[in-house]
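**Q** Please read through the structure below; I'll follow up with questions.
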Amino acid sequence: MFDPLESLSQADLPAVWERLAQIAEAQGELNIRAQFDRDPERISRFTREAVGLKLDFSRHAITPESWTALIDLASTAEVPQAVTQMLSGAAINHTEGRKVLHCALRGGTNKSLEESVLVAEVRERLAALVNSVLRGERTGFSGEAFTDVVNIGIGGSDLGPAMVSEALTPYHQHLKVHFVSNVDPSHMVNTLAQLNPATTLFIIASKTFTTLETLANAKAAQGWLQAAAGSEQSLSDHFVAVSSNVAKAEEFGVDVDSIYPMWDWVGGRYSLWSAIGLPIAIAVGWENFNQLCEGAGAMDEHFASAPLSDNLPVILSLLEIWSVNMLGAQSHAVLPYDQNLCQLPAFLQQLTMESNGKQVDRSGKPLGRASCPVVWGAAGTNGQHSFHQLLHQGTQPVPADFIVPMQSHNPLADQHTHLVTNCMAQARALLFGKSLQQAAQELSDAGYSDEAVQALAPHKVLPGNRPSLTISYDKTSPYRLGALIALYEHKVFVSSVIWGLNAFDQWGVELGKQIGVEIYNEIEKRRSGIPGDAAFDPSTEALLNQLLASEQIENAL
Ligand SMILES: O=P(O)(O)OC[C@H]1O[C@](O)(CO)[C@@H](O)[C@@H]1O
């Protein structure tokens with residue numbers, strides 16, 4: 001198994017890790033607030049801007065000394081060399097022998113790649129499809145224009161397109177886009193209940209075209225349409241497929257002219273820029289989809305060329321490394337103060353945790369240190385009325401990313417000002433907290449007895465000193481969103497280089513799929529009275545028997 005990143009000479013890394021550990025130990029729990037008094041330059045020292053995204057990381061538990069050592073870590077890990085390898089098309093996904101070229105889908109920093117030709121061809125076909133659907137030229141079996149599009153896909157073939165489509169709601173054209181991912185029949189049934197078969201277009205999105213959930217849902221869609229159209233009608237205009245497995249899509253029954261290829265050098269969770277982004281392009285129109293890709297392309301340029309200390313993805317990664325490996329953070333909150341970005345945390349969960357949730361290094365040896373934190377979050381201000389309690393008073397500090405546009409697409413009275421001020425207030429409350437003395441003073445000012453003050457005050461203490469950063473920008477436009485997503489994609493890559501792991505495979509998801517097939521086959525046998533030959537653990541057996549018994553009860557009714 002050839003690994004192009006083996007050429008990185010990271011021999012001095014252990015010494016830099018050691019130095020970081022010493023700094024962290026000497027620092028202890030850094031009083032972040034005090035750093036602002038000590039260093040009047042702190043804001044400018046720890047704020048950077050690129051592609052219209054302003055990153056203020058002055059509220060993280062870093063000092064000029066630890067920051068210099070962190071930059072040294074990125075440099076000693078040869079991050080710039082790894083970036084060059086990725087962008088030039090080296091097969092850095094070495095466990096699958098694949099290149100990692102999602103950047104080539106959005107212009108690419110390396111225009112001479114042979115893959116760019118393929119990208120251009122497919123984009124031309126996609127633009128034609130999007131325009132014909134939006135203009136009502138491609139029609140369904142009744143000759144009526146499509147009004148609704150259902151994307152059937154899961155994981156990377158769902159989360160990115162669904163998140164972006166919702167994020168860009170203000171740019172929507174006239175077609176409604178729906179997403180069905182779960183094999184739970186309720187997802188498909190609930191979606192179809194709102195739709196007219198004659199005017200519904202389905203996109204079957206699956207890189208492999210072997211994913212159980214997607215194939216089951218695609219079959220259900222075929223049945224639903226056929227039942228409505230009658231068997232003599234051709235349904236070919238109702239189906240489009242996106243896949244790197246064109247033969248399988250054709251075998252399924254999709255017309256070859258309606259199959260849009262992607263390639264094994266695009267990872268599923270990095271694929272929204274490929275034909276997998278088709279539902280986005282139909283939702284917002286081709287020009288806006290292009291803008292999304294251009295914003296990402298601009299972030300690629302920044303990533304490839306900015307010095308480490310000004311490089312936004314590198315900075316996000318180093319803050320993650322510091323928080324996880326030196327301060328012991330086990331989770332990371334993402335808090336977009338933009339309702340349209342409410343699916344961003346779910347998207348970042350797959351991007352981050354499927355990429356870096358790994359325990360061995362590139363050569364298969366145990367990492368020996370923590371890797372990816374648990375990523376979670378929700379749109380503000382909703383999260384404030386739910387889990388922010390834990391952020392403020394829980395026993396584990398959770399570094400938080402606040403993401404906030406300064407302008408709304410929907411000016412409505414003073415609501416956007418309230419939204420942004422809440423974002424500012426949360427970051428400030430996390431940092432400053434409330435001391436026991438302040439809590440006691442507030443209570444006695446409110447007229448509580450001394451006894452009540454003593455009893456209540458500890459419950460009202462917020463320790464503060466909890467790290468956060470802010471990414472602020474003008475407005476959630478396609479271009480800005482493209483840059484934001486690419487920022488996080490590259491952050492994940494930088495962390496993987498520093499941890500020394502492969503961010504682009506996902507072997508951990510396979511075992512559950514295999515066992516699922518074994519259990520399903522066993523159920524089929526037992527249902528048809530054939531004695532089962534597989535023996536599972538008692539807990540699985542108990543559930544399996546419960547399922548069969550409940551089917552018998554249902555059948556008897
Ligand atoms: O696009 P496909 O091949 O259907 O895969 C869907 C998703 O399934 C996974 O392989 C995980 O099961 C993801 O990596 C991927 O995004």
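Counting starts with 1 at the first residue shown.
Positions of Cβ are set from backbone N, Cα and C atoms, glycine also.
Copying in the features that TrEMBL gives for the protein in this structure:
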- Glu354: active site, proton donor (ACT_SITE)
- His385: active site (ACT_SITE)
- Lys513: active site (ACT_SITE)
**Q** So if I draw a 10 Å sphere around the Cβ of Lys513 (active site), how many other Cβ atoms end up inside it?
**A** 11
**Q** Give me the Cα-Cα distance between His385 (active site) and the residue listed as 'active site, proton donor', rounded to a whole Å.
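**A** Between the Cα atoms of His385 (active site) and the residue listed as 'active site, proton donor', the distance comes to 29 Å.
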**Q** Across all the protein chains here, work out how many other Cβ atoms are within 10 Å of the Cβ of His385 (active site).
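**A** Summing over all protein chains shown, His385 (active site) has 10 other Cβ atoms within 10 Å.
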**Q** My understanding is the cutoff is Cβ-Cβ under 8 Å with a sequence separation of 6 or more in the same chain; which residues meet that for Glu354 (active site, proton donor)?
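**A** For Glu354 (active site, proton donor), the qualifying residues are Gly155, Arg269, Gln506, Val509.
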